[in-house]
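Record features, source Swiss-Prot:
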SIGNAL    1-19  signal peptide
CARBOHYD  158  N-linked glycosylation site
DISULFID  301-367  disulfide bond
DISULFID  330-399  disulfide bond
DISULFID  334-401  disulfide bond
CARBOHYD  343  N-linked glycosylation site
């Protein structure tokens with residue numbers, strides 16, 4: 001008897017057959033091979049989109065070129081994806097801690113850019129605006145960063161510069177706009193690389209007014225307070241190469257649902273520590289059950305291969321990584337006596353024992369996942385923003401009898 005958690009597992013081995021699409025994308029050995037018909041493929045696509053939390057198939061406005069990752073935001077997000085995937089593989093937490101324990105990471109490319117540069121009254125500034133309409137509801141922002149690339153400035157030699165970032169709160173027609181301070185970074189004019197400014201404080205406004213973002217404004221000053229054109233300071237904008245264009249990256253975590261505390265009808269007693277359900281040796285009862293065997297010819301409960309190929313689903317125009325992943329599923333016999341290799345719970349042992357005595361009244365224990373892990377998917381949404389989402393409980397790590 002087999003158990004498969006969630007809608008994805010209802011697809012069974014059909015997904016495994018999707019994995020033979022191209023070089024380097026073959027499913028692991030042992031996967032049955034069968035091509036799905038058009039209707040089956042649509043059903044599979046719909047089920048997987050539901051598991052991924054997507055209402056429909058994203059359709060980026062301009063599919064990326066063959067290189068797939070020419071721009072700054074996707075390149076940065078791919079690095080995050082590898083960090084998150086490496087964390088999952090090693091069952092550790094360093095990458096998760098670096099990502100602020102985020103379930104979802106979104107990047108927003110600069111859509112509109114305005115300058116008050118040379119030839120205008122001081123102070124000089126550069127303003128950036130982003131399409132924030134795709135920010136999801138029900139998610140809490142844990143961090144937000146503005147990233148802009150800096151090249152060495154040949155105009156300011158090696159002077160010290162102060163770069164400050166403000167949120168535009170209210171635009172004024174007859175005076176300077178109302179601004180809210182976000183962050184300040186100090187650097188040398190000869191420095192080169194990505195400058196990161198913390199804009200987390202602006203995230204509350206983004207969540208409340210997604211359709212009325214007035215942008216972020218960047219100022220540069222010397223140590224003596226003289227205003228400097230950001231372009232002369234080496235800060236690149238929309239005209240920079242695609243791999244060096246500015247963008248915002250925002251980290252989200254799903255807001256926890258409120259937990260209702262049950263009302264106690266009597267004073268609570270101190271509970272004894274729970275004992276582990278893991279058994280150090282085979283679960284065998286001596287005596288009359290020694291000769292009992294499971295169903296002949298059936299494999300014991302264990303993990304089997306289930307491969308999901310985004311390539312053969314026709315999704316590589318919006319899925320950046322991975323091109324496929326092994327989800328696995330649990331199947332096999334849970335017959336008495338249950339060996340230690342079956343990872344059986346005490347309840348499963350008892351249920352199997354009663355099943356021997358009353359097979360028509362009590363079913364066998366079920367083969368089901370005992371440990372699940374997350375998988376991450378990096379993709380474009382319909383607005384060409386790059387999304388990195390961690391989906392929990394997507395990969396079976398171990399199976400057992402329940």
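Using the three backbone atoms N, Cα and C, a Cβ is placed for every residue, glycine included.
Counting in whole angstrom, residue 334 (disulfide bond) lies 6 from residue 301 (disulfide bond) by their C-alpha atoms. Neighbour density for residue 334 (disulfide bond): within 10 A of its CB lie 27 other CB atoms from the protein chains shown. Note: the CA-CA distance between residue 367 (disulfide bond) and residue 399 (disulfide bond) rounds to 7 Å.
Around residue 401 (disulfide bond), taking its Cβ as the centre, 30 other Cβ atoms fall within 10 Å, counting all chains. In this structure the alpha carbons, written CA, of residue 301 (disulfide bond) and residue 399 (disulfide bond) are 7 Å apart. For the pair residue 401 (disulfide bond) and residue 330 (disulfide bond), the Cα-Cα distance reads 10 Å.
Here the disulfide-bonded residues are 367, 399, and the one with the most other Cβ atoms within 10 Å of its Cβ is 367. Note: residue 158 (N-linked glycosylation site) has non-local neighbours 188, 189, 190, i.e. same-chain residues 6+ apart with C-beta under 8 A of its own C-beta.
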